[in-house]
Amino acid sequence: MKDENRTNLEPVDRERRTFIGAAAGVGASMVAPGVILHAVEAAPRATSVSSDVRWGLAIDTAKCAEGCSACIDACDRENGLDLQTKPKPLSESKWDQQKAVWIRKVKLQDNQTGRITNLPMMCQHCEDPPCVDVCPTGASFKRADGIVMVDRHLCIGCRYCMMACPYKARSFIHEALEGQLTSVPRGKGCVESCNLCVDRRDYGEESTACADACAAEGHNAIVFGDLKDPESPISQLLKALPTRQIREDLELNTGVRYAGV
Amino acid sequence: MMKRIVYREWRIPPARFWGILGILASVIGIGTLSFGYMEHQGHWVTGMNNAVVWGLPHVFAVFLVIAASGALNIASIGTVFRKPIYKPLGRLSGLLAVALLMGGLLILVTDLGRPERLIVAITSYNFSSIFAWNIFLYTGFMAIVIAYLWTMADRQGGPFNRPVGILALFWRLALTTGTGSIFGFLVAREAYSAAILGPMFVILSFAYGLAVFLLVLMFAFAEEGRVIGPKILRRLKNLLALFVAGALYFMLIYHLTNLYAAKHDDFESWLLLHGGIYTFAFWVGSILIGGLLPLWILYHPEKGKNCNWVAAAAALVIVGGLSTMYVVIIGSQAYPMPLFPGQTILESGFGDGVGGRAASYWPSIPELLLGLGGVAVGLLITAVGVRVLQFLPESLADDVVPVDEETLGEAAFAKPA
Amino acid sequence: MAKAALKASLFLGLMWALVAQVVLADEVKRYVVEGSRAAELDACVEPTERMRRMHFEFIKHQRTLTVHEGIRGSKYSLAGCVDCHISYNAEHEPQPINRPDQFCGACHAYAAVDLNCFDCHASVPNRPESSPEARAAHAAAGVGQPGHLAHAHPGGGER
């Protein structure tokens with residue numbers, strides 16, 4: 001199921017992939033699982049996340065190329081969103097509105113000047129997230145490191161957070177899923193959205209899938225980092241470039257900032 | 001002289017009663033099947049999507065919830081505001097309040113993405129969420145109204161009648177304001193960021209609750225040949241007209257304030273002029289069918305005295321109420337969110353209102369059946385309630401209903417009730 | 001008096017529960033599937049008896065820590081259960097663990113306890129090559145030694 005969707009893997013990827021299957025499954029009988037994981041530098045987090053960091057994104061819309069969808073493709077692959085399949089009886093146009101989208105490209109034109117802007121939109125990881133305020137069960141929450149996400153064990157699928165989100169950043173899973181990724185459990189009837197590649201955070205990785213993909217394309221429009229560290233590239237960038245939050249009027253202090261909008 | 005009010009069970013022929021129950025039960029059954037279908041398949045079988053996340057079930061549910069609190073009005077007027085003429089209607093009013101609320105809540109619950117996790121909603125609270133508060137408001141309302149019914153029906157409860165009635169009145173106001181606030185606190189959506197939404201829901205609830213109450217009362221009485229005298233009919237229809245006029249006034253103020261606040265101009269011109277189905281539902285549904293037409297009937301010198309016409313007016317108010325809910329709940333979701341003021345969205349991977357276009361939503365059959373199922377639950381509870389317990393007064397003929405202050409001049413010798 | 005009675009009945013109840021568990025444990029068939037890594041081990045991350053009774057508590061506690069506190073790689077992770085208890089068919093394809101003939105599915109069917117972890121969680125070890133865990137596993141085993149691939153099974157994500 002999953003491999004059918006991913007037949008376009010490069011040969012190298014394929015080989016690595018088979019290897020992973022072995023490493024995670026039978027092959028791992030050679031080494032105990034704990035040993036495997038602790039043997040590498042990027043060890044999984046053993047202590048609670050702290051508010052000493054606040055993760056965020058800085059997006060330079062001047063560098064965001066029209067027609068490029070590298071960030072979206074990377075996000076889809078990272079989080080298994082490319083495994084979504086349209087239920088057969090459903091029309092394409094309806095499916096477009098019902099499938100889960102964590103990151104999307106938006107193309108804008110200024111009404112006065114006609115200037116065109118391209119930018120990616122995703123969960124803005126507000127400091128005071130409206131989705132967290134309204135969630136009746138506390139499933140929608142903000143992690144200490146500033147990531148706004150959904151605890152799918154608590155989500156009852158009431159969709160009030162989607163009503164409250166000013167950025168339309170959240171998706172409801174409308175259909176039953178199978179073949180989910182180990183790292184991104186997701187299922188029918190819950191709400192989800194961008195979580196800044198939370199498992200990458202917990203395994204000490206440098207960046208998010210979208211930022212990596214954008215850099216790999218040579219655009220470097222998306223910069224990920226710690227907003228609280230004045231030395232981090234993102235803080236430096238925000239110091240240098242005039243940026244703003246979308247819907248500044250709501251004073252949500254978003255973790256995602258845009259230059260050139 | 002005033003007679004003692006006698007309450008009696010609903011004694012229509014068993015065949016007739018079971019027939020009515022059978023019809024309601026089959027509607028509930030079909031609603032249950034729709035629920036099973038939606039839950040098994042997932043919400044893709046509904047018209048809902050990531051832009052319009054609350055669809056037709058919420059229209060029915062919110063209507064029923066606010067109609068429930070409105071239905072309690074009659075009892076409140078009787079006990080809290082001491083209008084004895086409404087006293088005989090108090091029990092039915094309380095019963096309807098509980099029954100409609102049950103119906104509405106069932107719809108809300110069955111439309112959840114994970115209804116089997118209801119236990120999570122009951123055990124894990126987020127107190128900053130108005131939704132979580134509403135869970136308390138709803139369950140508390142039911143408990144209070146049941147206690148209220150007891151004070152009305154049991155001799156021992158008599159002394160508590162008024163205090164409990166006052167508590168119920170405040171609780172129902174909180175409940176409707178809370179329901180309105182579910183929408184009112186959504187700063188993100190243009191249509192909702194208006195403080196007037198809370199009070200507007202209260203006045204809407206008066207109208208819808210009374211309309212449902214009137215229809216149920218007239219149906220139950222007509223089935224069994226009980227009498228509704230012209231005196232009480234006049235009072236009830238005048239009250240309905242007053243509430244409908246009030247609702248119209250609040251809607252006018254709501255849209256005027258939106259027009260006055262320049263940033264809502266776009267939304268208003270969309271809704272009032274270019275909103276397609278929503279514009280139609282607003283003008284024809286809410287204003288004409290739910291407002292002007294019933295007002296015309298109720299204030300008509302001839303028709304306003306005719307039972308059938310009054311019933312028709314009440315039905316129109318209900319139809320108008322549903323379309324008002326449709327406009328308020330769905331229309332404001334369909335209207336694109338103002339993400340980039342001064343800019344036009346040319347392309348988007350997630351339907352952000354490209355070129356200012358509204359999101360599409362068309363209700364599916366299962367959603368409609370689910371909503372109707374909830375209505376049937378409310379009616380079934382009511383039907384069984386009036387059948388087995390003494391909820392309905394034996395007669396509402398002019399010489400039976402208590403004297404009220406309007407006619408006090410003529411009956412100055414009557415003892416206060 | 002009443003208190004003593006309560007204590008006595010509590011004690012008896014506890015004793016009964018313990019005895020029942022032991023008897024049950026003897027009767028209960030072993031659900032660990034032959035050919036899985038778990039079959040080669042003496043015990044799970046806790047003694048078998050404890051796991052039988054407590055595994056859900058462990059997982060539930062862990063899930064809160066992982067989702068809210070970001071703590072990963074603990075010994076009670078659900079992905080760990082799957083990794084160790086998964087079995088493979090003749091074609092070296094992993095068999096979904098919630099299937100009625102597999103470890104989780106079989107026991108839950110026996111105990112008639114609803115198992116819905118795998119509505120959302122992967123029921124087979126299934127990590128995309130880009131995931132951090134996978135990269136961690138790579139690094140540990142030493143990438144670039146294709147000799148290891150000789151007996152590998154294709155497609156970790158197959159269901």
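The first residue you see is number 1, and the count goes up from there.
Each Cβ is built from the backbone N, Cα and C atoms, and glycine gets one as well.
From a predicted model like this one, the values you see are computed outputs, not experimental measurements.
The transmembrane segment annotation in TrEMBL covers B:20-38 (among others). Same-chain neighbours of the transmembrane segment (B:20-38): 45-46, 110-111, 115, 365-367, 369-377, 379-380, 383-384, counting only residues six or more beyond its ends whose CB sits under 8 Å from a CB of the stretch.
Annotation source TrEMBL lists transmembrane segment at B:58-80 (among others). If one looks beyond the transmembrane segment (B:58-80) by at least 6 residues along the same chain, the residues whose Cβ comes under 8 Å of a Cβ in the stretch are 86-87, 89-94, 96-101, 103-105, 107-108, 111, 138, 141, 145, 148, 152, 161-162, 165-166, 168-169, 172-173, 175-176, 179-180, 201, 204-213, 321-322, 325-326, 329-330, 370-372, 374-375, 378.
The transmembrane segment annotation in TrEMBL covers B:92-110 (among others).
Listed by sequence, the residues of this chain that lie at least six past the ends of the transmembrane segment (B:130-152) yet keep a Cβ under 8 A from its Cβ atoms are 65, 68-69, 72, 75, 79, 90-91, 94-95, 97-98, 101-102, 105, 121-122, 158, 160-161, 164-165, 167-168, 171-172, 174-175, 178-179, 181-182, 185. Residues or ranges marked as transmembrane segment by TrEMBL: B:130-152 (among others).
Note on the transmembrane segment (B:164-188): residues 62, 65-66, 69-70, 72-73, 75-76, 78-80, 97, 130-131, 133-134, 137-138, 140-141, 144-145, 147-148, 151, 194-195, 197-202, 205, 328-329, 332, 337 of its chain, located 6 or more positions outside it, place their CB under 8 angstroms from a CB of the stretch. According to TrEMBL, the transmembrane segment annotation covers B:164-188 (among others).
Among the features that TrEMBL reports, transmembrane segment is placed at B:194-219 (among others). Distant neighbours of the transmembrane segment (B:194-219): 63, 66-74, 89, 92-93, 96-97, 100, 173, 176-177, 179-181, 183-184, 228, 236-237, 239-240, 243-244, 246-247, 250-251, 253-254, 257-258, 307, 310-311, 313-315, 317-318, 321, 324, 379, 382; these residues of the same chain sit at least 6 beyond its ends, with a Cβ under 8 Å from one of its Cβ atoms.
The transmembrane segment feature in TrEMBL is assigned to B:239-257 (among others).
Nonlocal intrachain contacts for the transmembrane segment (B:277-297), taken as residues 6+ away from its ends with a CB within less than 8 angstroms of a stretch CB, comprise 240-241, 244-245, 247-248, 251, 271, 303-304, 309-310, 312-314, 316-317, 319-324, 326-327, 330-331, 334, 358. If you look up TrEMBL, you'll see B:277-297 (among others) marked as transmembrane segment.
Summarising the annotation, TrEMBL assigns transmembrane segment to B:309-331 (among others).
What TrEMBL lists as transmembrane segment is B:368-389 (among others).
Ranked by Cβ pairs under 8 Å to the transmembrane segment (B:239-257), the stretches B:92-110, B:309-331, B:368-389 are led by B:309-331.
Taking Cβ pairs closer than 8 Å, the transmembrane segment (B:309-331) reaches residues 52, 54-56, 58-60, 62-63, 67, 183, 191, 204, 207-208, 210-212, 214-215, 218, 233, 236-237, 240, 244, 251, 271, 275, 278, 281-282, 284-291, 293-294, 297-298, 300, 303, 361 in its own chain, all 6 or more past its ends.
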